[in-house]
Every structure is written in structure tokens, then in C-alpha cells.
Amino acid sequence: MDFTPPPIEDGFTAEKLFSQGFSYTYDDVIFLPHYIDFAADAVDLSTRLTRRLPLAVPLVASPMDTVSESAMASAMASLGGIAIVHSNVPAAAQASLVRAAKSRRVPILSEPAFAAPSAVIEHEDDFAASPFLLVTDIGAAGGKLLGYVAKRDWTNQKDKSLRVGDYMAPPPRRAPWNADLNKIHEIMENEKSGAVALERDGEVVDLVVREEVERVKGYPKLAAPATVGPDGEFMVGAAMGTREDDKERLKHLVKAGVNVVVLDSSQGNSIYQLEMVKYVKSVYPELDVIGGNVVTMYQAENLIQAGVDGLRVGMGSGSICTTQEVCAVGRGQATAVYKVSSIAYKSGVPVIADGGISNSGHIVKALSLGASTAMMGSFLAGSHEAPGAYVYQNGQRVKKYRGMGSLEAMTKGSDARYLGDTAKLKIAQGVVGAVKDKGSVLNFIPYTLQAVRQGFQDIGASSLQSAHDLLRSRVLRLEVRTGAAQVEGGVHGLVSYEKKYY
């Protein structure tokens with residue numbers, strides 16, 4: 001790859017563009033095309049989340065309670081990315097979410113409910129969010145599996161007063177916890193069975209049904225390897241705060257096998273976070289810690305000196321975040337990513353561009369401006385794997401999506417992210433909303449990644465590292481888009497249209 005600046009001066013270098021005193025968002029800037037001598041499919045998107053943790057694809061699910069729990073964590077890991085499980089639950093519950101995601105090697109997680117054979121199912125709520133209920137001798141996890149009841153079978157059961165043991169299906173064939181989809185499907189075909197129980201250390205951890213296997217097998221296939229640790233388990237991250245009781249939370253997470261922790265704060269350049277970084281690195285030196293959030297080089301340098309292994313960049317740029325409006329503090333995300341990356345790379349600290357991602361073009365911009373990964377909230381909210389139930393709003397199928405700075409989220413515990421003390425007056429820095437049903441991340445993320453590859457091809461970058469090299473060697477050029485240019489760059493001039501990306 002040629003990193004010689006073009007002989008004809010055209011556009012601006014990032015250094016010049018971002019030194020003019022303006023705070024730019026992703027939509028404000030546009031990259032100029034460069035020379036192509038490779039196919040889009042040849043673009044290598046492998047990267048690092050932290051100093052020591054590699055990822056096959058540069059995508060991270062945000063630690064929000066309407067985005068990242070067990071299902072999202074297992075799905076993102078299977079795609080080659082990673083999810084950071086939120087901390088808006090008690091420490092033991094968060095550790096259970098981490099354990100659940102790591103207890104299988106398929107992106108299917110039903111989180112089954114349990115019942116004893118003598119139990120009577122009176123309401124569909126007894127199934128929780130699972131499509132079936134496991135029947136064990138003790139009516140809880142850890143007991144002997146006697147059978148299972150599918151929700152649809154219970155719905156069709158005329159006499160709801162019958163005991164579970166009277167109509168449950170027999171226990172299905174078992175498979176090891178780390179069996180892949182092909183192995184599970186093979187067992188189902190050979191046994192003519194509609195379900196397979198996943199077993200680990202003699203205990204059934206989940207039940208996989210044929211409908212789910214066929215659904216997932218029908219999604220696009222990625223060549224990227226899954227994000228798996230040395231122990232063969234999915235890699236999963238988790239968020240934590242900077243208070244004294246978060247040290248106890250950290251113990252639970254480490255015991256659950258967490259691979260990386262994110263110190264979750266809206267303003268990371270604080271004595272509280274600096275001390276927590278040093279504590280984590282001294283007590284658990286093998287555990288990588290990501291600091292943030294930051295938007296300036298000064299903030300970043302302080303956390304780098306404290307020993308962080310990664311930096312989370314963004315303040316007030318999320319779609320549900322009102323920090324810039326309420327507190328008058330923050331920075332345009334494009335400027336923040338470039339500025340922080342320009343100092344972090346000198347220390348070998350990867351940058352996570354957190355917030356402001358609405359489309360694949362924003363991911364291309366974030367990565368090309370120096371970030372190693374893009375963290376997404378609203379982009380993944382509303383998906384099949386996001387927590388919460390679908391509801392209908394004005395005829396549209398939606399899921400709740402809320403900022404961790406919203407009063408609703410802070411009431412559940414996320415105020416630690418925004419308050420350094422126990423202030424009684426809580427000021428919202430986020431809102432509660434809804435996003436439409438997006439389907440499964442296993443379906444739309446592969447298309448998103450292909451769009452990112454095509455964007456990299458257009459700027460002449462055959463890999464994420466080469467994009468960074470082109471940026472820093474002044475080959476990659478940008479311009480600022482006027483309001484009219486932004487309108488022109490989108491769909492315009494039509495009476496009506498249908499926008500489909502894949």
C-alpha cells in the first residue's frame with residue numbers, strides 16, 4: 001500500500017480539518033475516495049478491543065440495560081465482536097448474565113424457566129421470556145431433567161389444571177455445552193427430535209429447539225471467527241462503576257469468567273476512576289480494563305498513565321443522551337474520536353468510538369478516524385437479542401430503548417454512572433424511547449460489515465490498520481459537508497420511496 005500523499009493537493013488532512021476550532025459530528029465530515037487495488041471481500045476488519053484482546057470484527061454492544069444481556073453477548077461473540085453486559089442489576093445477577101453467555105457456543109439463549117413435575121402452570125408468565133419450561137425433580141436449575149413443556153403445547157392444552165408431569169415431553173437427547181449448530185442439527189436429524197439439551201458438568205444449561213436452529217442457520221454466514229477465549233468459551237465483557245462496593249461486584253464478575261471490564265462513567269477523568277483503574281490492575285493484573293468516557297486528549301492521557309488497556313470515547317453523542325444539552329459539556333463525536341485516537345495510539349491503547357452510530361457509514365468514519373472499534377446502542381436496540389418484550393406502538397412493533405442517564409434507568413441503579421456521590425437530587429442526562437423491531441443481529445450485522453468493507457475499499461484501505469496508516473500519513477483526505485451537501489448525499493427529490501439496505 002502506498003502511503004505517499006497524493007501529488008495533487010485536494011481536500012484536507014485530518015490534522016488540519018480538526019484543528020480549526022469546530023466540533024464535528026460524523027455527518028459533518030466526508031472522506032474523499034482513494035485508489036483501489038483490491039476487492040471489498042479482501043478487506044480485513046480484525047482489530048483489538050484492548051491492548052491484549054483481539055476481535056475479528058470491530059463491533060461492540062454498549063453496556064445498556066435495553067441492549068446488552070446474555071443473548072446479545074452470545075450473539076455478538078458468535079459474530080466475532082463482543083458485548084459489554086450492563087451493571088444496572090445486583091452484582092450476583094450481572095455475574096449470572098455473564099455466566100449464561102459463556103456457557104454455550106451457539107448464539108441461541110432461551111434462559112429457560114424451571115418447574116417441578118407436580119407444578120401447575122396457571123399463566124404464560126410462568127415461562128418468563130422462554131419458549132419452553134424445563135421440568136426437573138427439584139423444580140430448579142441443577143436438578144435431574146425429567147422433561148420439558150413448550151409454551152405452544154401449554155397454550156393448546158385444554159385442561160390447564162393438569163400437573164406439568166402429566167403432559168410434559170420426555171427429556172431430549174443431550175449435547176455438550178460447546179456443540180456447534182451443525183452438531184446440534186445433526187443430533188436432531190438422527191434422533192428425529194425437536195429439541196436438544198445442552199449439558200455442562202452434568203447440569204443442563206439450556207434447551208435448543210429445532211425452530212431456533214433453523215432460524216439461525218438461515219442467516220448470512222460470516223467468515224470471521226467467533227470471539228473465543230483460551231478456555232474455549234465466548235468472550236464477554238461487563239460494566240462496573242467506581243464506588244467502593246464495585247470492588248465486590250468485580251469479584252463476582254471475575255469468578256464468572258469475565259474477559260474485560262469497562263469502568264462505566266459519563267466523565268471518566270476523575271479521581272474515582274483513576275483509583276479504580278489502579279485497583280483493578282493491582283488485584284487482577286491479567287484482566288484488561290477499559291476506561292472512559294473521554295473526549296479530550298488531556299482526559300485520555302490521565303487514564304493512559306493510570307494503566308487502562310482501552311479507552312471509550314464519547315460524551316453526549318448517543319441518540320438517547322442529553323448530557324450536552326443539560327450540562328453544556330461534551331464534544332462532536334468525529335472530533336472526539338480523532339483527537340483521542342491521535343494520542344492513544346502512541347501508547348498502544350485502542351479506542352472505542354462510543355455513540356452516534358446510526359448507519360454503516362458512521363462506523364466507517366469512526367474507524368477511519370482512528371478508533372479500533374465502534375460501540376453501538378440504538379443500532380442494536382430493538383433487535384431479537386436485546387432485552388425486553390416487543391410491544392405495538394402506533395401499529396409498529398417496537399422495544400423500549402432508554403439512556404442510562406434517564407431517570408427511569410437511574411432509579412434502577414445507573415445513577416452511579418452520573419453521580420460521584422450520593423446526591424439526592426437526580427438530574428436526567430438521558431431519555432426513554434422506543435425503537436422499531438430490527439430482527440436478529442445475526443441477520444443484519446453481516447450486511448453492516450459488508451457495507452463497512454465497501455467503505456474501506458472506496459478510501460483505499462485494505463484493513464483497519466491500513467486505514468489508520470493512511471490517516472496518519474496524510475494520504476486520507478476529508479472535507480466538511482454543508483447542510484445542502486448532506487441533503488444531497490441522502491435520498492432526495494422523490495415523492496415516496498422505500499429504503500432497504502439489504
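The backbone N, Cα and C atoms fix where each Cβ goes, and this holds for glycine too.
Here is what Swiss-Prot says about this protein:
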- 168-224: domain 'CBS' (DOMAIN)
- Asp264, Ser265, Ser266, Gly314, Met315, Gly316: NAD(+) binding site (BINDING)
- Gly316, Gly318, Cys321, Glu488, Gly489, Gly490: K(+) binding site (BINDING)
- Ser319, Asp354, Gly355, Gly356, Gly377, Ser378, Tyr401, Arg402, Gly403, Met404, Gly405, Gln429: IMP binding site (BINDING)
- Cys321: active site, thioimidate intermediate (ACT_SITE)
- Arg417: active site, proton acceptor (ACT_SITE)
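Rounded to a whole number, the C-alpha distance linking Gly489 (K(+) binding site) with Gly355 (IMP binding site) is 22 angstrom. Cα of Asp264 (NAD(+) binding site) to Cα of Cys321 (K(+) binding site): a distance of 15 Å. Averaged over the domain 'CBS' (168-224), the predicted model has a pLDDT of 85.
Here the CA atom of Ser265 (NAD(+) binding site) lies 34 Å from the CA atom of Gly490 (K(+) binding site). Take the binding-site residues Gly316, Gly355, Gly377, Gly489, Gly490: by the count of other Cβ atoms within 10 Å of each Cβ, the lowest one is Gly490. Counting other C-beta atoms within 10 Å of each candidate's C-beta, the binding-site residues Ser265, Ser266 are led by Ser265. Between the binding-site residues Asp264, Glu488, the minimum number of other C-beta atoms within 10 Å of a residue's C-beta occurs at Glu488. If you compare Cα positions, Met315 (NAD(+) binding site) sits closest to Cys321 out of the binding-site residues Cys321, Gly377, Tyr401. In this structure, Gly377 (IMP binding site) belongs to neither helix nor strand by DSSP; it is coil. A helical conformation is recorded for Glu488 (K(+) binding site) in the three-state DSSP classification. Counting every protein chain shown, the number of other Cβ atoms lying within 10 Å of the Cβ of Gly314 (NAD(+) binding site) is 28. When the binding-site residues Ser265, Ser266, Cys321, Glu488 are ranked by how far their Cα is from the Cα of Gly377 (IMP binding site), Cys321 comes first. On a Cα basis, Gly355 (IMP binding site) lies 24 Å away from Glu488 (K(+) binding site).
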